[in-house]
Every structure is written in structure tokens, then in C-alpha cells.
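Over in TrEMBL, the protein carries these features:
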ACT_SITE  Glu157  active site
BINDING   Cys110, His156, His160  Fe cation binding site
Amino acid sequence: MKSRPCEQSLKRVERNNLVKPIKILDDPVLRLRSEEIKDINSEEALEIAGDLIETLKNQGGLGLAANQIGITKRIFIVNSKELDFGSDYRIFLNPKIIYLEGLVVDEEGCLSIPGLYAEIGRPEYAEIEAVELKLNGKLKDVKLKVEGFLARVFLHEIDHLDGVLFIDYLDEETRRILLAKWRNEYNRFSL
């Protein structure tokens, strides 16, 4: 796992980024499988990471995938401070799940379906390979071993990159009822 330098610091790029609107449930981009970032050392990767950080800071969530802001690239971030997983935001490019174990049911929500929460079963433990983009712009190949709630967050974000939403794990009838209630509330408050 060697560290590779990126041409510029993410801190510098971040200042030029704006908060992007979060794509909501029926936006087709949420159902697209994201493409790998071929040139992980690119300006594009830094700009997407900066957009994700600024947007997540504004929204207050635990994680955010690129397609949630309309970009179909395999990159997501987690608010590691909120997850006791570090002191700042952590950015992961081209993640791959290599091992899953166990099952735990817990409540889940999503910035792309604001206000809807449901009990979802997910693996309790996961091993994930990715390239981590550090805030100083350095790149590092990582193999992460995550468990419990942290595994849930990582798997939720990787699902986004594959065009999968947490509601897809619900049985059809439960999903239909919850989405009908959610649409009614969402439409009422977004007018």
C-alpha cells in the first residue's frame, strides 16, 4: 500500500467548490452504476472530492456518494469525525467489497430520501479495498476492515455507487407503503 502524491492539495481545491444540490429519490442518476475513476491523480478527482466535502458539510450527513450530487464516478466520502473513524472527512475512490460477514438489522436513512427511515439488514463486517485521497492530496491504496455501524455506512455509500438505494432491501409491500407516506410528506413540505 504505497502512498502517491497528487499534484495539489485538496484544501486548495476545496475553496473553489460549491455546495451541490442533493439528488432526490426519482432522479435517474441515483440508479446508474458509477464508473471507475481512471486517472485517480487527476484534477477531476480532486474537484469531485471538494464538491462532496462542501455538500456533506452543508447537509450534515455521515456519508455521501458522487452520484448523489449528479456525478457518476466511483468516489464517496465519510464524515469520519462523526463516525469515530478519524478527525476529518475521508475520501475513497474506486472502492471494491472483497469480503462480507454476518448480518445485523438497524435503522437507516439517506440524504437522497430525506425524512424516510427503515430497518434494513446489512452485513456486520466488511473488508473493502480502495484508494484513499487524503486532504493533503496524497493517494494511498487501503484495505479497510470495518464493522458495525461503520460497515453499514460504507456499504450504504458503495451501494449508491452501484445504483442501489437502501429502500431496495425492503420487501415490496413495506417499500410501497413507506414511499407513499414519504412522497405525501415530501410533496407537502417542498411546495
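Sequential numbering from 1, following the chain as shown.
Even glycines carry a Cβ here, placed using N, Cα and C.
Listed in sequence order, the residues Gly63, Ala65, Gln68, Glu108, Leu111, Ser112, Glu157, Asp159, Leu165, Phe166 complete the 8 Å Cβ shell around the Fe cation site centroid, once Cys110, His156, His160 themselves are left out. Take the CB of Cys110 (Fe cation binding site) and look out to 10 A: across all protein chains shown you find 25 other CB atoms. When secondary structure is read from DSSP and collapsed to three states, His160 (Fe cation binding site) falls in the helix class. Cys110 (Fe cation binding site) falls outside any helix or strand according to DSSP and counts as coil.
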